[in-house]
Amino acid sequence: MTDSIPLQPVRRQKRHDSKNRNGCCPWSSCCGMGDFRPRTVWLGHPEKREQRYPKNVINNQKYNFFTFLPGVLFNQFKYFFNLYFLLLACSQFVEELRLGALHTYWVPLGLVLFITITREAIEEIRCYLRDKEVNSQVYSKLSKRGTVKVKSSGIQVGDLIIVEKNQRVPADMIFLRTSERNGSCFLRTDQLDGETDWKLRLPVACTQRLPTAADLLQIRSYVYAEEPNIDIHNFIGTFTRVGLFDLEVNCLTKILFGALVVVSLVMVALQHFAGRWYLQIFRFLLLFSHIVPISLRVNLDMGKMVFSWMIKKDSKIPGTVVRASTIPEQLGRISYLLTDKTGTLTQNEMVFRRLHLGTVAYGMDSMDEVQSHVFSAYTQPTHDLPASRAPAATKVRKTISSRVHEAVKAIALVHNVTPVYEANGVTDQAEAEQHYEDTCRVYQASSPDEVSLVQWTESVGLTLVGRDQSSMQLRTPTGQILSFTILQIFPFTYESKRMGIIVRDESTGEITFYMKGADVVMAGIVQYNDWLEEECGNMAREGLRVLVVSKKSLTEEQYQDFEARYVQAKLSVHDRSLKVATVIESLEMEMELLCLTGVEDQLQADVRPTLEILRNAGIRVWMLTGDKLETATCTAKNAHLITRNQDIHIFRQVTTRGEAHLELNAFRRKHDCALVISGDSLEVCLKYYEYEFMELACQCPAVVCCRCTPTQKAQIVRLLQERTGKLTCAVGDGGNDVSMIQEADCGVGVEGKEGKQASLAADFSVTQFKHLGRLLMVHGRNSYKRSAALSQFVIHRSLCISTMQAVFSSVFYFASVPLYQGFLIIGYSTIYTMFPVFSLVLDKDVKSEVAMLYPELYKDLLKGRPLSFKTFLIWVLISIYQGSIIMYGAMLLFESEFVHIVAISFTSLILTELLMVALTVQTWHWLMIVGELLSLACYIASLVFLHEFIDVYFITTVSFLWKVTAITLVSCLPLYILKYLRRRFSPPSYSKLTS
């Protein structure tokens with residue numbers, strides 16, 4: 001996978017003085033390295049570096065052996081004082097200017113220079129010794145030979161260095177793995193910024209999961225790093241690893257290498273280890289080296305590029321971006337999909353649904369009543385009838401009206417929304433802003449929740465028409481403009497879960513503190529009431545996101561006292577954040593509860609059919625969200641993540657080990673039910689019963705984790721990978737989803753209203769959640785099946801010619817003589833067979849519409865059947881059969897000259913490979929036909945130039961043609977018959993859909 005993340009490097013101290021020193025880190029541009037450029041660094045392979053980098057040495061010397069004397073003299077005589085005496089001494093060589101003996105001038109000057117040169121020499125020697133001590137520090141380096149010792153100066157770009165406890169970091173480094181089980185490491189940056197406190201650093205997720213440090217050398221991965229800069233606190237780079245498929249192919253190549261060694265030993269053993277048998281072993285190793293196909297890696301990488309290009313060009317999922325082109329086939333083997341809720345399953349476009357005042361609630365069908373109350377609040381005269389003469393109904397009506405008005409007014413003020421006026425071609429922008437033109441106004445805010453609330457207040461008569469940093473303007477239903485001065489504003493944070501604002505009404509001078517926030521924090525801030533908790537639960541069960549709105553009136557003296565303490569806290573040098581929070585909290589007490597607001601986040605288009613496709617494909621979907629339990633559960637039901645006929649087990653709140661034990665036992669007694677659990681309970685379960693909980697949760701058809709933190713999301717992904725060994729895919733749209741996306745085997749970012757953090761950090765970026773179905777069912781499935789077919793066919797191609805070589809050597813007394821030489825062996829794996837074999841990346845078993853209609857086809861891939869030891873063994877047997885038939889047939893049918901064996905066997909081999917490609921293809925593409933014909937044409941045309949290896953006159957005879965035809969038929973016809981019988985009596989699942 002690719003961790004497209006802000007990789008936090010471990011840096012060592014840089015030189016910031018003006019002295020002429022070589023940089024101490026590999027980023028240096030000295031030694032003629034040219035301009036700073038980004039770089040790609042392969043892990044554990046310094047030889048793959050794309051340019052020459054300076055050595056990793058600290059050099060604090062000002063001079064070297066050749067520049068010492070000229071440099072010291074130049075530095076001395078560049079000052080006028082010394083230059084003056086030099087000129088004075090030189091003047092004594094002129095007879096007319098000499099005033100006395102030469103030594104009277106040159107001896108003092110020489111003595112000064114001698115002392116200076118000696119002093120500089122001593123300093124240079126000391127500096128050299130200090131540098132040598134640092135550069136000679138020994139570190140452990142991971143290599144193919146195991147752990148070796150290397151000096152600091154011998155470290156190269158791309159080396160894997162083990163830094164022990166209390167050991168200095170020798171160079172700029174990327175943190176890949178730690179021996180700590182929790183994956184955390186603390187280090188000091190005192191050599192960078194002088195700070196001696198310990199700072200937490202986390203390794204790259206996918207390398208931390210490796211069993212041992214030595215496994216870093218087994219994966220094929222690289223780091224793309226930004227160009228060097230002077231910012232020591234930030235570093236942007238991407239880490240790219242080879243996926244599970246590549247690891248499986250790597251395992252198969254190890255088996256092939258083992259076969260190579262065994263065959264070589266057998267050949268020598270059959271010679272009874274005669275003569276210099278050890279040299280014969282190496283000759284056979286070279287002779288049969290084609291058993292391990294050198295072109296396998298190239299073909300797979302090129303195939304992945306094609307798969308990525310197909311994803312980008314798919315018109316049915318427009319805007320999809322592939323940021324990790326090395327793992328598209330992993331999309332075809334996803335077992336668990338973990339998704340965020342807001343902005344991923346939902347549109348993150350909030351619609352106001354409910355206003356609750358405790359004694360009365362207003363829904364969408366009664367918003368006209370709210371509008372009437374707001375209108376009456378600004379149209380009724382201030383001199384009402386005396387209370388004793390007013391009817392009871394009038395008093396109740398006035399009370400409700402004032403409460404509604406106060407609630408709407410609070411909602412219209414407590415936010416960070418700014419109205420922006422845009423010119424529409426008719427109205428000038430400045431004029432539109434001056435007259436508050438409704439048609440030109442748009443609302444801008446960081447949260448769609450706030451925009452929906454302000455749009456609702458506009459719909460009921462109280463409109464936000466103006467705002468700057470210090471003031472806000474509201475327009476009443478009568479057209480009156482109300483002006484408010486913004487005294488203080490306390491923005492929303494994920495930690496506080498609330499935001500507040502202090503305003504002064506310009507018409508009355510009243511100062512009011514308004515606050516809104518989540519019920520879990522506001523319950524302890526507002527005055528005691530008996531309806532807040534119950535109604536919040538009711539609204540959450542309807543799928544509404546609930547906000548609690550409150551206010552507190554302040555006198556001028558109260559505000560001045562608060563402002564003085566607030567300013568003093570903000571000026572504090574130590575513990576500023578804590579002191580500021582303490583001052584604000586002193587204001588957040590006994591606030592008047594005004595209302596509850598309920599907004600609904602609409603589901604994304606086609607979320608329900610997409611989740612149904614994933615479920616039918618055998619993919620278990622987990623929803624991880626920070627919302628309330630009731631809201632998350634309602635959304636899961638609404639999106640059909642939890643089907644109507646499924647039971648739901650809501651894991652009750654647990655805080656102790658005993659409670660967790662009892663609840664897990666209760667959960668164990670239920671079968672085939674969806675699980676809903678909060679983040680706090682999840683943390684307790686994972687602390688005491690990690691294995692038991694994950695074992696039960698992995699069996700659930702759906703899991704909903706609410707009140708999840710970003711850290712918990714990443715932890716869940718990691719536990720799923722460790723406990724099940726299955727591939728995971730994480731989907732999200734916000735910055736709080738980045739850790740989850742990076743932890744997963746495949747990360748998918750949805751470009752939404754929360755920015756592009758998730759999409760930039762992901763392996764794949766989509767514009768809508770519904771595109772995920774086609775990304776997995778079509779492109780993931782095709783990429784995996786095509787990669788499997790391509791890799792196995794490349795292996796077959798190499799094994800086939802290796803089998804022929806083995807037969808040839810065994811017949812000719814186990815001689816280590818190559819069967820094919822020169823261009824024949826090169827052309828076999830390139831122009832003669834490359835195009836048809838690579839055209840397998842265009843093959844597909846079913847149409848994309850069928851794959852979407854029958855997602856059950858995806859289930860077959862989860863077991864890894866397209867590439868398994870069984871299929872590998874089948875292809876090995878096919879290769880041995882065909883190679884043996886071709887070689888024995890050629891030797892049986894050749895007449896007189898050895899060159900005829902080469903002509904017959906090689907031509908039969910080429911034709912067999914072309915026919916085997918045709919046998920493997922399931923859906924023909926016109927480029928496949930072109931590849932087949934082009935390869936055959938290239939071989940026929942090249943025969944004219946291959947007279948050194950092939951008898952040109954012999955290949956034009958009828959004898960050659962019938963022998964090649966007979967051998968090719970014997971090698972291929974049985975396989976065609978077997979394929980027909982298999983499709984007739986035991987057809988694969990997809991064949992039933994294509995017939």
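Including glycine, each Cβ sits where the backbone N, Cα and C put it.
From a predicted model like this one, the values you see are computed outputs, not experimental measurements.
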682-704, 820-842 - the range that TrEMBL marks as transmembrane segment: 820-842
Which same-chain residues, if any, lie at least 6 apart from R545 (ATP binding site) yet have Cβ under 8 Å of it: M350, D449, G598, V599, E600, D601, D627, T631
Of 280-300, 794-814, 820-842, 872-892, whichever stretch has the most CB pairs under 8 A to the transmembrane segment (926-946): 820-842
Cα within 10 Å of D340 (active site, 4-aspartylphosphate intermediate) - qualifying binding-site residues among F492, R707, D733: D733
Surrounding residues of the transmembrane segment (820-842) on its own chain - C-beta under 8 Å, 6+ positions past either end: 290, 293-295, 299, 302-303, 306-307, 786, 789-790, 793-794, 797-798, 801, 902, 906, 909-910, 913-914, 917, 920-921, 925, 927-928, 930-932, 934-935, 938-939, 942, 946, 948-949
C-beta crowding around T342 (Mg(2+) binding site), within 10 angstroms: 27
Cβ-Cβ neighbours of F492 (ATP binding site) (radius 10 Å): 19
Using Cα positions only, nearest of the binding-site residues to T342 (Mg(2+) binding site) (F492, G626, R707, N736): G626
Non-local residues, at least 6 beyond the ends, that sit with Cβ under 8 Å of the transmembrane segment (255-274): 280-281, 284-285, 287-289, 291-293, 795, 799, 802, 806, 809-810, 814, 816, 872
The domain 'P-type ATPase N-terminal' (45-100), counted residue by residue under DSSP: helix, strand, coil: 30 helix, 1 strand, 25 coil
Within-chain partners of the transmembrane segment (872-892) [C-beta distance under 8 Å, separation at least 6 from its ends]: 252, 255, 792-793, 795-796, 799-804, 806-808, 811, 901, 904-905, 908-909, 912, 916, 963, 966-967, 970-972, 975
Cα-Cα distance linking D733 (Mg(2+) binding site) and R707 (ATP binding site), given in Å to the nearest integer: 17
